[in-house]
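Encoded as structure tokens, the structure appears first; notes follow it.
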């Protein structure tokens, strides 16, 4: 999805279950070790805690944490615990899983592992646990060389439940062949209950379809093929559909036996949990294993010392790119060993200075110059392996420019690197490190895990990775050396020891992919027919396999559910945790204030309402917000403004919004939001920068036309990949546009209509460059409307009480300095997206599809809203998931009521059979109406809702719901009570009224994918492409 929230800063830092043996808690002889707040209660190195020996302990006061590294005495399992005063506790079990081929074995095993275990012999316990928990994060993922199973929750009993399930799932999985067939791959009749012929046999499997969807994303395809050639020893762990059908069930079981063992595991926990109790639970499971030798080989990149090495591969055509600008190419170097923490840190800062931001030398020299439209997907410094790698590349190149890329990069580094390393620019990154320490986030533990795990598996000491101040101070010392960063750049980049990797477009690429799949299908079918001694017998076996799987999916879906642990509705507090705010008048505008402990940071959000904005201007709002940092003012360059943002703020975000009215479906408001945060002492500078960005950017400069075309090139070139990554969201947004004015406006801002509008502007600019002068004229008009000293401008402030008065004074002065409000009349100009069909099909070059169905229901304040919200959870887990994912093979499916707006949506993601999905969605209301919902199911539906409602949030978001949507804490409390009080009758009434009896004009559907023969004249078929026809 295109991100229309323009972020003006650089980030310099970068569900599974187990039915374990039931254990009884006994009084512990050992003292309990929890958070770092009481340092006198911490264990000492050498102590044994419930089967683990504490090897090292390290305090990191600047991060308010203490790290404890332990080893399990019996199995050798390694354990890292990070103790911190944070209720959002994290646990993860992780395994080294080097892939030996491209079949995606680690990825398929990740899925099959979560399909039942010895103590929890439940069909798909991972998804069954989701509605039995209040976890705010619950997932599993396969990385290049390791597999991770993490979760986070603020509920202590939930933490124990999930730990038990995760441990049993990963260490005692059932690994049934039926689960391999469902999750991995199989051949079977498209409709197993109908008579089947040879031509009806298709490939199926959740992961198989997931990876077909991934490979439809040209950026992903480029990246994974690049990895194939830079790291030939590390195969594609996700899986290549061309190779996945070579994987056997027996190979999967053997890989699990060898790799999913405690001796090959890294355990991670975080937060204020009772460490002794958690270690006791882990040890209870590990005692059933013996220590063994395991393969923890650290695989490194290929030797580039004889470079340059050049590789060119074919890729798909992108209908959104100009036919002559479809090449992707990059140059990659090997950097230092990542165990050298200081050098790795130094190079990460060097990388950011060289290429991050529109004023950076590599951006200006490679993209602003017109050589490419975007950085290539692999661009940047990757320090996740034993040896760091650095890549610089471009998307949207001409074939003729590809040979010049390496020389151009070297030329830019030679001529302009010193500009990037100017003292004030380095100061900006040092400030970002300082403010990052103080900025409170709700997912600190998960972020820490993501930082530590990759390098830990590749031989880097995790304790060294946590030494924040020590590394920063050592870097500052290094900076005292003359030309330290220039020397580093020359050392690693000033040579030809590199890999030049290029992907050139092929008109036959997608067709060749389909032909290869057809050939694999024929080959496997021929083998099966030979083994069965007849074609008919082989078809009968495949049909029987499919029916057996279908019967298991239908008949075993609720088996042994009582074995799974669960929270209950009574574990949810009936009273919400309140974060009181107060209102204050600021120069005629209402502002919302929250005073609380913020570590000396002030957070400010402003919104400026734009009344009766013409469509042609709304379509340009994203272009306007994204252009602000690409143009300087009359006396300040882009680079200077970027440097000041880094030096004085934590970033500035400007984005358009459309908000629903919580009481009335027909009402809405639109405008622009402005958000930033800064150390208290820098609030005046932050407000000055905000005013500069909105009011002073010079759209009349000589660089304006080139900058706007460059921005359009960038937006359009990555558009199709964005759609492939989040197609269900685009489908839902497009369907909603047919139901209400607000839906139409949202589609214009962030949907496929926005992509089409940008493509149209770019087409015109390429044909007639002067057309951009008209666009710039409209951007100037938007600039005059964007912010004003009027009642349409309001603020939300989160800060400490000691600075509230001063911040109010500064905001009063800021508001008074703004121009008076101006209006704009309605424009007669016709624009894309003025009307929408209720049945739309976008014909796109994807191997799988995405569906989105929307129903217009009720606003937030309606008494029916609570029942619809719970109904969404019930349908997701009891109907959509088993019908569309398990049986249909789609990667994902869900139903949900919009948290604030009036839409009820149902969707599928990377779906091989959208036609079948539409029928399932059409029958959802009947299913909900006729289902005899049990008390347990109703309870699970409510738990699923409160996972989101009670998830921890950053202090920066306090008061935001009232500010943006006029939903007060009293209204939220009322909704909370309604949700907890929803009954089975309420669910069925909501299903009857809003899903079964709903009129045709209150529902719409959109599908994205390759058009099939069943898409007839009752569909409005559309295309996304740069050229007509």
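Positions of Cβ are set from backbone N, Cα and C atoms, glycine also.
What TrEMBL lists as region 'Disordered' is 297-324. The annotation domain 'Peptidase M16C associated' is assigned in TrEMBL to 503-761. Per TrEMBL, the feature coiled coil maps to 525-562.
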Quick check on the region 'Disordered' (297-324): DSSP residue counts for helix, strand, coil, in that order please.
0 helix, 8 strand, 20 coil
Short question: which residues 6 or more past the ends of the coiled coil (525-562) have a Cβ under 8 Å from it?
19, 120-124, 128, 178, 181-182, 186-189, 192-193, 196-198, 201, 882, 886-887, 936
Could you tell me the mean pLDDT the prediction assigns to the coiled coil (525-562)?
92
For the region 'Disordered' (297-324), could you work out the same-chain residues 6 or more beyond its ends whose Cβ comes under 8 Å from its Cβ atoms?
98, 145, 218, 221-222, 225, 229-234, 331-334, 373, 385-387, 389, 396, 398-399, 406, 457-459, 495-507, 509-510, 716-717, 719-720, 755, 759, 766, 845, 1023-1027
